Amino acid sequence: SSAALLTGERSRLLTCYVQDYLECVESLPHDMQRNVSVLRELDNKYQETLKEIDDVYEKYKKEDDLNQKKRLQQLLQRALINSQELGDEKIQIVTQMLELVENRARQMELHSQCFQDPAESERASDKAKMDSSQPERSSRRPRRQRTSESRDLCHMANGIEDCDDQ
C-alpha cells in the first residue's frame, strides 16, 4: 500500500515535471524571439541615428558661420547621446536574454535533480535555498520556499502548489 502511494506520488511528480518542462522549453523560443524583435527595432533606430550623425557632421565641416556651427554641434551632441542610450538599451535586452536562458537552465537542472537519488535531492535542496535568496527576474513562475523534502523541491522548482488536478 505504501509502495503504491510512493509510486503514485512519483508518477504525479513526473507528470508535473514533464508538463512544466514542456512549457519551459516551448516558451523559451517565443520569449527569445520577442527580445530579438526588440533588438532589431533598436538597431534600426540606431542605424538612423548614425546616419543623422554623419549628415550633421558633413554639414558641420562645410559650415563657415559660427552660430550655425554651434547649432550643428548641439544637434551632433544630441544624436550622440541618443546613440549611447540606444546602445545601452540593446545591452539591457541582451542581458535579459542571457538571464532568461540561465534561469531556464537552472530550473531544468532543479527539475532533473528531483528524480535522482535522495542524496542528490538533498544537495539540490541546499542549492535551491541558496537560489531562493536571489529572486529570478526573467522566470514566469515565482519560486516558493518550502521544506527540504524532494517532493517539495520539485514543487518549488515547478512553481506548483498541488499537482492533483493535472
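Glycine is no exception: its Cβ is also placed from the backbone N, Cα and C atoms.
These figures come from a predicted structure and were not determined experimentally.
Summarising the annotation, TrEMBL assigns coiled coil to 39-89. Look at TrEMBL and you will find 120-130 tagged as compositional bias 'Basic and acidic residues'. Feature annotation from TrEMBL assigns domain 'Inhibitor of growth protein N-terminal histone-binding' to 17-115. Here TrEMBL flags 115-166 as region 'Disordered'.
Each residue in the domain 'Inhibitor of growth protein N-terminal histone-binding' (17-115) gets a DSSP state, and the totals come to 94 helix, 0 strand, 5 coil. Looking at the coiled coil (39-89) alone, the prediction's average pLDDT is 96.
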